[in-house]
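Peer 1: Below is one structure. I have some questions about it.
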């Protein structure tokens, strides 16, 4: 998506360890009209999917998911990291390895909010090795819902998460796929959607 | 706010320990059009305030803040709990005691995203003893920004957080103030805005 690639080139910051910071507009400070444009684009790409619910994971996915959900007119459910005293009853539960925080955490979702009748679109800000996405997919599978696909804002194409999921037949739509990064430049994979 | 009080009466669940669960529409599953109505109401109440930025804290505040921000046409910044490897540079930092999780955690916000030029509206889902809000207020104070007030979805009026902040001169607008709860009923404080 050209708008996003231009914004990453303008405001993204590359840090050692293949970290791409987009915290001035996406996941610390949030540019709301801009993220609404991303929502429109996800809707364009998943226009044919009968989505009933958007699933994401705390924390940085939630705001994006809420803005995206407006374009699908469906509720958001967000999976929570670690046990909370306020969460009781029946839970879907899985474990996720965090690339960013270098630890394993529990991910939980109340069974009340996802069932076999649902058609789920997973939304998240980043996809690198795909661990968070795999965790959310396990929850969807356990619920019996249909996974329609995953909508990702920024995919790190040089890590194997996205391509590995596509090889498994999962529909992964990333609005920008970073193929390589250096201190002063970011290269994107050609976007087949830009000519549609 | 009548719409919210009715929804809490219909879908809220009272649990032992003065816990009010509103996770079917507000902070686990999220009813997006409904939360947009809350956003409109916050805008009505803070229409006279020259707000430049909405501040919240992860995780459950983020989605609400993003939807509310659309009605103010300003960016959201969200404070993060605990140190993240992706957060570097200069940070505002404070400590917050969590009522829900019964522990103390660090709350951080990049200095890039809040400065003395800003007029800040804090948005959060719950206000009980006010610890999270106090932490966010400390960050606003450290930044030199003007705190215009706090917009809260549900205040537990039987705990002292909201009234204590109002006594300090902070403008706290809560869309529903719960005065008492029993297993099968929730009583709300009279809402002076409903006749405006």
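Each residue, glycine too, has its Cβ placed from N, Cα and C.
Automatic, uncurated: that is what TrEMBL annotation is.
Note that the structure is a prediction, hence the values are computed from the model and not measured.
TrEMBL lists these features:
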BINDING   B:20, B:27, B:156  xanthine binding site
DOMAIN    B:48-145  domain 'Phosphoribosyltransferase'
BINDING   B:128, B:129, B:130, B:131, B:132  5-phospho-alpha-D-ribose 1-diphosphate binding site
Peer 1: Kindly state the mean pLDDT of the domain 'Phosphoribosyltransferase' (B:48-145) in the predicted structure.
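Peer 2: Taking every residue in the domain 'Phosphoribosyltransferase' (B:48-145) and averaging pLDDT yields 91.
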Peer 1: What is the number of other Cβ atoms found within 10 Å of the Cβ of residue B:130 (5-phospho-alpha-D-ribose 1-diphosphate binding site)?
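Peer 2: Excluding its own Cβ, the number within 10 Å is 24.
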Peer 1: When the Cα of residue B:156 (xanthine binding site) is compared with the Cα of each of the binding-site residues B:128, B:129, B:130, B:131, which one is closest?
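Peer 2: With Cα distances computed to residue B:156 (xanthine binding site), the winner among B:128, B:129, B:130, B:131 is B:128.
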Peer 1: Within the domain 'Phosphoribosyltransferase' (B:48-145), how many residues are helix, strand or coil going by DSSP?
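Peer 2: DSSP classes over the domain 'Phosphoribosyltransferase' (B:48-145) add up to 29 helix, 36 strand, 33 coil.
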Peer 1: Please compare the binding-site residues B:128, B:132 by how many other CB atoms fall within 10 Å of each one's CB, and tell me which has the fewest.
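Peer 2: Counting other Cβ atoms within 10 Å of each of the binding-site residues B:128, B:132 gives the minimum at B:128.
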Peer 1: On a count of neighbouring CB atoms within 10 A, which of the binding-site residues B:20, B:131 is highest?
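Peer 2: When each Cβ's neighbours within 10 Å are tallied, B:20 tops the list.
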Peer 1: Going by DSSP, is residue B:27 (xanthine binding site) part of a helix, a strand, or coil?
Peer 2: coil
Peer 1: Go through B:27, B:129, our binding-site residues, and report the one whose Cβ sees the most other Cβ atoms within 10 Å.
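Peer 2: Its Cβ has the most other Cβ atoms within 10 Å: B:27.
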Peer 1: Show, in sequence order, which residues other than B:20, B:27, B:156 on the same chain lie with their Cβ within 8 Å of the centre of the Cβ atoms of the xanthine site.
Peer 2: B:12, B:19, B:21, B:22, B:125, B:126, B:128, B:154, B:178
Peer 1: Specify the count of other C-beta atoms within 10 Å of the C-beta of residue B:156 (xanthine binding site).
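Peer 2: Around residue B:156 (xanthine binding site), other Cβ atoms within 10 Å: 24.
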Peer 1: Record lists B:20, B:27, B:156 as binding xanthine; longest Cα-Cα distance in Å?
Peer 2: 16
